[in-house]
């Protein structure tokens, strides 16, 4: 009994398989016949790759949809971006229509692009050597029974993108991709989908994030008139897609480039606290200056030569400030070793430094200096007292020693006076160093504050809004109807056939 049941089930399976295979073969044959008839019945004009059927105004409507998939590379120096995306073209061809009931319910077929007419679509901002059509004739298009033709293909495009690096590394870039036809006025391009929510869903499902650049939202699609004749000022409608890119890895640039440069800038102030006798003041400043030049070269490599980051201006100002600090340090060193040269020092420099950055000498004297001054005053008072009460020491030898002692009081006062002058001179040098340190520290704080404000303004500033450019359409109602027909055909698409 079980053997009979197994045999019946096996026979039914074989019969079903043969029937399904026969139906699939029959459907495949009908599709082959349909494609052959469509290609053979194509008129001579279409074989010559002329437009199949124009509207009453002589203009065909081509509908386009482009969705980016990923950012392959972005070269800021050469201002070019390589994108990978999915491009969809749709148009109506009345020569490619049939009745599905006559061909076993077949609603769509695949036809090679080299067998039917296709639009000559061109990317306006392309930087490739061959300024050729985007689509490839070796690929196939989906043709629906209503005559709507859809061509879908992945496209890798390298386009020009104007780079602005003024707010580096908080910069944002706007890249445009404009598709238009080389049929020049005979074909109008329009967006295939006007529902931005649908485009957003497709974009979120297909786009792959890049580690360096992040796309802010879906690309904006606008109608754009492309100028193709400068002599006669002629334009042809096209579709422009604008991508908004934002640089990622901001903290990487802040920690590896910004923070070391700012620390070096403020470290140069410490040269004025370094003793002159150490002999390392100039070498210390030269080392910082060379490091700033290295960072300047690194920043210049991050962007094109047409733009300059705000941070580059900050480094240049810091370099000039460091050069001025080196010159000031040289003056301080020479003043330390040559007192007479101090008199020749520019009066306006000394006046400004001592007016705004130094204190009064009597308030900044050290305890040692005040003690020496008090000793000199006591010595001078004793000398005056001895002159008021003279004694005769000519008769005794002790008197001679006393007379010599009184005469020797003046050299001791002179030695102490020279020590006071040395301490006063050293105190002036210290005051000058402190004053210069305060002045340069204030300049660095001013430069850094200005740099931070400019960077913050550029980082928070939104990209300029793109105004929509409406393409003129001689028969807009007809073109919109063609688009609705194509979308209706697309919605009726089923894989069951």
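Keep in mind that glycine also has a Cβ here, set from the backbone N, Cα and C atoms.
Caution: TrEMBL annotation is automatic and unverified by curators.
Remember, predicted model here, so these are calculated numbers, not experimental data.
Checked against TrEMBL, the range among 367-411, 412-456 recorded as region 'Disordered' is 367-411. When the ranges 228-245, 282-299, 336-353 are checked against TrEMBL, the one recorded as transmembrane segment is 282-299. Segment annotation: TrEMBL labels transmembrane segment over residues 311-333 (candidates 311-333, 472-494).
The domain 'Neurotransmitter-gated ion-channel ligand-binding' (35-248) scores a mean pLDDT of 74 in the predicted structure.
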